[in-house]
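Asks: Quick one: this structure, given as structure tokens, is what I'll be asking you about.
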Amino acid sequence: MFLHSVNLWNLAFYVFMVFLATLGLWDVFFGFEENKCSMSYMFEYPEYQKIELPKKLAKRYPAYELYLYGEGSYAEEHKILPLTGIPVLFLPGNAGSYKQVRSIGSIALRKAEDIDFKYHFDFFSVNFNEELVALYGGSLQKQTKFVHECIKTILKLYKGQEFAPKSVAIIGHSMGGLVARALLTLKNFKHDLINLLITQATPHVAPVMPLDRFITDFYTTVNNYWILNARHINLTTLSVAGGFRDYQVRSGLTFLPKLSHHTSALSVVSSAVPKTWVSTDHLSIVWCKQLQLTTVRAFFDLIDADTKQITQNSKKKLSVLSHHFIRHPSKHFEENPAIISDLTGTSMWVPVKVSKWTYVAYNESEKIYFTFPLENHRKIYTHVYCQSTMLDTNSWIFACINSTSMCQQGVDLSWKAELLPTIKFLTLRLQDYPSLSHLVVYVPSVHGSKFVVDCEFFKKETRFIQLPVTHLFSFGLSSRKVMLNTNGLYYNIELLNFGQIYQAFKINVVSKCSAVKEEITSIYKLHIPWSYEDSLTIAQAPSSTEISLKLHIAQPENDSHVALLKMYTSSDCRYEVTIKTSFSQILGQVVRFHGGALPAYVISNMLLTYRGQLYSLFSTGCCLEYATMLDKEAKPYKVDPFVIIIKFLLGYKWFKELWDVLLLPELDAIILTSQSMCFPLISLILFLFGTCTAYWSGLLSSASVRLLSSLWLALKRPSELPKDIKMISPDLPFLTIVLIIVSWTTCGALAILLSYVYYVFKVVHLQASLTTFKNSQPVNPKHSRRSEKKSNHHKDSSVHHLRLSANDAEDSLRMHSTVINLLTWIVFLSMPSLVYWLKNLRYYFKLNPDPCKPLAFILIPTMAVLGNTYTVSIKSSKLLKTASQFPLPLAVGVIAFGSAHLYRVPCFAFIPLLLHALCNFM
């Protein structure tokens, strides 16, 4: 019946939209590199020693605990407090376990053993009872206060020690990182209690799903505090994102804003972290061995030798983090590295005058300095590039100043080099170093190992190549290509016109090599200059390699940099680079950045459908099918233009002042624009996806009602249509009061769910009664029409005792179908707080604060009345015309104010339901 009300063209459209949504979802959940993280293992059995908290504190926070991590002999020794190390506190995130500290704790313990415990770290972890704080924000403030108490407790464990710490370092995973930032907002919190903050996959900018106002209020408080006090916050902060593998928290949300020149904040994607170079999912970021090794190395480099604690020098902290997480020169960190190095000894000096040079070192018995005179090369070339496959941490490239052939002292250029997985390299622009006379490459004596050193001089125009990206709407049918035929080691391809998050491309690099015996490795690096979200692809030549090109952060308006494809190649190969638009990845970007707004657009479509049904009932006395009315009424031009006009008018000062006087919240479209998240036509695309979702959810609910009614008829004797319509049955007031009490004493979402079950039961009962009535009627249609006329005549002649005909019952079921769809989404958006309440039921019987309680108080009696409402009882209502007009502005409002604040969506959805219920009484 539901499908019969939709024509084939509309059905084809809905199937096509499902296909597009599937492409986008596939790209988000499967369209990324395989997990290249190595698992971190414990060398000994992990132990978690529970730290005893003060009784008052334990009573105030019965669900929370503090643990100290340890293994083997370390765990045994530290069961007897106090402690002597450097404290680090790990904060788990949404549904996270305190045991997730074991990966970094174990690696740090092994590192301490390697240096005979000259320094060591004590890793603490907070047990938040695996609370679902991403779904319910009411406990975030409580977690923050508990962490404050934990920090004070931890520092007391070191009391009386010679090098007792005065602060702790914090590692926060997911929402744990936000809780750590929130510590600074507490009234009695001293900022110097935290010396370093590292967050892993923490959504700093905004919540992933703003499902209640407590989450958004918490975010507003934290971010506003950090913005307003940017110049006074001296906390060094590093935010690490997981990249495209992390589909739970997209990396764009993890980037800390650069608030002022005084801020000490770094944000980086794990795929860009030196010696890590992999994308991590939301959970593997805490156990990824490559990333944890990098983090532990940074921790040990941050130690002050005098205090045996983490340094208080902000400049050094930022330098260490930049060294390990941003740009690694393949040298151990030095706070003040020696720029001038001695180049003396019994080494051999070999002059090299060619522009392209390769040296294979194998079992070298003595040190060699290869010198490249720069004077003649400057006349022909603009750049010099050198690379080495020996990845040790010794200095390897120098420069002589005003020298003839050799120099006793040289400028150490190794600090300007950069590390990649298989090489370390240096690129210099010659005009930037006019005083340098020679470039010196150092080859140490090696025994049993083999490595290759290459250098070449080149002109910029031969290696810096521009490649404009294809148009967004080319759908991959056209491509652009560039050939690299200069036998170079390094190419810099500028990807012109690429800088928006809705752009997505596939780059195909084909390498063709001359006959070579050894394996050739090429590295392709996507470099995004306005954010640290680079990614590496390693390919064995000859080969055909596909690279995905899309962004986590859009290019800022005042940024003129160009995204680059840096290619570290072989001189024995030729390369062909092709770029074309990837339509599936564009859809993936739509889902990734705007998928969370879909419920608002679904509700908007349903409200327009609801409006059409109510108006049809008012004007014609009958109610059309849900699917038919959805096709007729759910049009984007009824919603989008109003939002666009409001956004335009808010650009005028007088309208903005009027808006503020009316105490209206900020338009969600303006918030998205400030986050560079506005796609062209994105609202139209989301509206069409919302129409499709509304259709299929309507089909599902209609089929579910019919299935349940069939089960009802199979289990119970056939029901009859009610003879007299009673808007308020005897048990209705009692049921309403009971559910309101349930809402007040336990959880509002639970009461909403129970009311929804009652409403569905009433609709299923009506469907079963109508099925029984139809099955009992004679086949003769004339007789059926005659009986309907008699029924209608009796109905019209009896105002006080309305009788329900089969036509009225069908009309009522059509209306109930739309109401069920609306209620289903309201219940769906209310469920997170119910899940949280059920999980913590052993600690708290009453959810406090409860985001759904105000909604429950209004929705419970509304659903109770609607469960006994029939179209025949509201046709003559004076309020029906008004009720049919309200859903249109509400459909606009839910897009304007609910797309980035999902907790507002139920408020827009229940208003027409309330008016519908009131039509029974007016």
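Glycine residues also receive a Cβ, built from the backbone N, Cα and C atoms like all the rest.
Annotations for this protein, taken from TrEMBL, read as follows:
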type: COMPBIAS; residues: 782-793; note: compositional bias 'Basic residues'
type: DOMAIN; residues: 83-301; note: domain 'GPI inositol-deacylase PGAP1-like alpha/beta'
type: DOMAIN; residues: 597-921; note: domain 'GPI inositol-deacylase transmembrane'
type: REGION; residues: 775-800; note: region 'Disordered'
type: TRANSMEM; residues: 12-32; note: transmembrane segment
type: TRANSMEM; residues: 667-689; note: transmembrane segment
type: TRANSMEM; residues: 735-761; note: transmembrane segment
type: TRANSMEM; residues: 819-838; note: transmembrane segment
type: TRANSMEM; residues: 854-874; note: transmembrane segment
type: TRANSMEM; residues: 886-915; note: transmembrane segment
Asks: Examine the transmembrane segment (735-761) against the transmembrane segment (12-32) and state whether at least 3 Cβ pairs sit under 8 A, considering only residue pairs 6 or more apart.
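Replies: No, since the transmembrane segment (735-761) and the transmembrane segment (12-32) share fewer than 3 Cβ pairs closer than 8 Å, they do not count as touching.
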Asks: So if I exclude everything within five residues of the ends of the transmembrane segment (819-838), which remaining residues of that chain have a CB under 8 angstroms from its CBs? That is, six or more out.
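Replies: Beyond its ends, the transmembrane segment (819-838) has Cβ neighbours at 131-132, 135-136, 138-139, 211-212, 599, 602-603, 606-607, 610, 626, 694, 697-698, 701, 705, 746-750, 752-753, 756, 759-760, 763, 844, 847, 850-852, 855, 859, 863, 866, 902-903, 905-906, 909-910, 913, 916.
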Asks: Mind checking which residues reach the transmembrane segment (854-874)? Cβ under 8 Å, same chain, six or more beyond either end.
Replies: 617, 622-623, 725-729, 732, 735-736, 739-740, 743, 748-749, 751-752, 755-756, 758-759, 761-763, 795, 802, 804-805, 808-809, 811-812, 815-816, 819, 823, 826, 830, 880, 906-907, 910, 913-914, 916-917, 919-920
Asks: Using Cβ atoms and a strict cutoff of less than 8 Å, what residues sit near the transmembrane segment (667-689) while being 6 or more residues removed from its termini?
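Replies: Here the qualifying positions are 17, 20-21, 205-206, 252, 472, 501-502, 553-554, 556, 589-590, 593-594, 597-598, 601, 604-605, 636, 639-640, 643, 646-647, 650, 895-901.
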